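Some notes on the structure that comes next.
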């Protein structure tokens, strides 16, 4: 009975465990399904039926624009009015103050339309063309204006890094646009980006890294690998770290250390000992008590010793020129014995004959005219005939 009870208990535990595992797997599957967006799925558009009563309060946004944008904005303003008119938003352009304003009307039904209109005028102020800026009114498009002016202190360094982001003939910027599906505009102290949310996140990362002295080509390479990996359905839910390149930042400009390092002495509150005077030194050696004549003689002896040392050094320096350099030991050249005992004299004669028959050098450019002696000989032969 006890055996049967224990077996039934074990079976119950095993069933409970399997049930837990199945629940876990189900939860994991559900989570993965929630995380992945089905292909071709699109959020339904916000219509007037969703908000038939409209908005209670009027909202408005204003932004300033630089002087050089005035002519372009004046030209494209009718198109801006037409685009915002469809969303029932009223835009106004003030050329005296240099500002653009957008505000809601009684007919406005979409509460987020005013935020999109604010982004539109912001992009227009940051030199984004109207054809691109008007895309912000779509549901799946957002914008990001990245301020880069305060990230680098040195102006020359800032200009170099900003140019690095653009690349030669705008190639780096074009590659970034193709990989992120965003429109990127570098203007002054800001970078304006327009596109899907996932792309904007990548653009911001690349821009910030470039300003931190990380070349954009590294991030572009990573984006290219990610793009290829996302196409594979098996790898979509896996970690991609093993495929992505790991670029290490090499800091080559290390500070040079000085040749002579000054070692700091330990701090003592007491002042240093007073240096000995000339009289103190003479008293210590006993020179102070000597006569003047003895002192003079001692001084002269010291000078003579110094002069003798200097003279010997000078003499050695002069004699250096007369000392012959060390010669290398002479090595006798060993002449190899001829392999054949007898020389072939006839073969040598033939060689000499061939050399004589050969014409050495090119023929003369202007051949010399026939000499008078040869012409005379020819005349004599004719007369004989």
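Each residue, glycine too, has its Cβ placed from N, Cα and C.
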In TrEMBL, of the candidate ranges 226-252, 253-279, the one given as region 'Disordered' runs 253-279
Beyond the flanks of the compositional bias 'Basic and acidic residues' (40-50) by at least 6 residues, Cβ under 8 Å: 109-110, 112, 139-140
On the 0 to 100 scale, where does the mean pLDDT of the domain 'K Homology' (142-212) fall? 93
